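Asker: Structure provided below as structure tokens; questions to follow.
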Amino acid sequence: MNKLRQSFRRKKDVYVPEASRPHQWQTDEEGVRTGKCSFPVKYLGHVEVDESRGMHICEDAVKRLKAERKFFKGFFGKTGKKAVKAVLWVSADGLRVVDEKTKDLIVDQTIEKVSFCAPDRNFDRAFSYICRDGTTRRWICHCFMAVKDTGERLSHAVGCAFAACLERKQKREKECGVTATFDASRTTFTREGSFRVTTATEQAEREEIMKQLQDAKKAETDKTVGPSVAPGNSAPSPSSPTSPTLDPTASLEMNNPHAIPRRHAPIEQLARQGSFRGFPALSQKMSPFKRQLSLRINELPSTMQRKTDFPIKNTVPEVEGEAESISSLCSQITSAFSTPCEDPFSSAPMTKPVTLVAPQSPVLQANGTDSALHVLTAKPASTALAPVAMPVRETNPWAHAPDAANKEIAAIHSGTEWGQSSGAASPGLFQAGHRRTPSEADRWLEEVSKSVRAQQPQASAAPLQPVLQPPPPAAIAPPAPPFQGHAFLTSQPVPVGVVPPLQPAFVSTQSYPVANGMPYPASNVPVVGITPSQMVANVFGTAGHPQATHPHQSPSLAKQQTFPQYETSSATTSPFFKPSAQHLNGSAAFNGVDNSGLVSGNRPAQVPPGTCPVDPFEAQWAALESKPKQRTNPSPTNPFSSDAQKAFEIEL
């Protein structure tokens, strides 16, 4: 019966060892290169392994997969885990496992990721390979059982795939110029180029380009008339009918015969975007990103470009002043640091101050008379710019019963002008009630001023006799303890014009009014021949002598000018004033006080016959010393308000 059964069974082929079948291996090598090599296999599965190479690693993986298959078969009976019947395709690009029935792609393995392949010594038909998983970056071993062939034939076919892949890689390196430089000292290597897998069309294009480059090389070596061979001398391959023809000279400029020129975008796409076209100055030498200095916002090229491209309309015209001498600057510094100011906020309560600023308003007239707020200039000027409006107070806490002296003090004399008003207080101003003792620099400056004054002749001012018209009373600003400014008259009358205020070349001294309306007149003691300590002693010794009356000054004594009294709370005053010229054609009173007590200014100076004209500085100093010493009303909050001081200047 056994023989009868064996007669119906399929007879097995006679076993021929692999070493005696070299003709089959040759066909496998050709099939791998053409991509037509395939083997029917049973895919056992894959497991994770610890190493990337070794036959023992592959054998252990096969044992594990076979043991799992037996375990499931015995536990579940016929429903155990079976090996999948599939077809293994081997090519120079990779290994692909396709299901025999469903034609599904089970495994698609790149040949470059395969690190090791080997047959199994325990199972003749077993074959496995180790690869690196692209997602988990772990070593995975895939195991197969060949159906018709042995594991050695499958391993040989995969080895042929390795060789074909290596040949392609070396060919690409030669074409695209991939170079690897190894540094033994740092145990590193640098690779240049790309190993990207190219398509058949790209490969044909590269072959054509290589032919053109070789032709151009031959033309250079032969030293023909033309520097290069014209493109298109080689017919394009049939597989690439649309292959572009490139100029070989452009490629030879790179000095690399193996380099393949890239396709570049058109010039329109390479142009810069619109956001950068607006600032062409960024590419110049003045770019802030090219210099090592500090970055200033106003000097940025983009800012300067915006200023030039979009000019600001309705700009305010600025008139530059005359150059100042060193002596005038010294006198201004001395005036700013030595002029005391009474504390106006401690003696009387104040209501809310209202500051009116009209920087570009035209000059107004009241009842046909020019405003008393004109700023006089020392040179002819036809353009009339706007004056600076004075701070206005609703109520005057210092307004008492007006008398003749107060009216004369409040009147605007010849040469009245305002300093330039700014949004912040001038740096030369001190806080109200601040006292300052002269320093060594002040004493040195006084000594230098004395020596200069002794050498230079005194400048005389020609008397001006303007006509004063009785103006209507106009309510302007109340008198308050001012920051005293000084002016200096020129020797010729000039028309009344208004220009931005200039700083004087010389600042003379002025009378100093206090809170009760009684001023300290300017000192008139000669300063030649006395020491600075004596000068300080004279000033501080006679500072407490008030003056009951203040006679009107004659135009012949026009060096001494009285300025309008304005608010100290507005913090917009400046102690520096420019030279004044002459009287206004109108006058005004403060707080509605009539100026009927003013004496007409067109009378000449009354000098007794037979006597020389007295210098106004000496006359006022003598008048100051002759008065009895009194104390002003002390402030309840300011302990220094009763000690009034008089600042003086030395005329150069």
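Including glycine, each Cβ sits where the backbone N, Cα and C put it.
Taken from Swiss-Prot, the feature compositional bias 'Low complexity' applies to 227-251. Swiss-Prot lists 37-173 with the feature domain 'PID'. Annotated phosphothreonine per Swiss-Prot: THR102, THR242, THR437, in sequence order. Positions annotated as region 'Disordered' by Swiss-Prot: 213-256, 418-440, 543-580, 624-652.
For each listed feature, how buried is it and what is near it?
Answerer: Residue counts of the domain 'PID' (37-173) by helix, strand and coil are 51 helix, 52 strand, 34 coil (DSSP-based).
Long-range Cβ neighbours of THR102 (phosphothreonine) (same chain, at least 6 residues apart, Cβ-Cβ under 8 Å): none.
Under DSSP, THR437 (phosphothreonine) is assigned to coil, being neither helix nor strand in the three-state scheme.
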Asker: Test of understanding: give the count of other CB atoms lying within 10 angstroms of the CB of THR437 (phosphothreonine).
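Answerer: Excluding its own Cβ, the number within 10 Å is 8.
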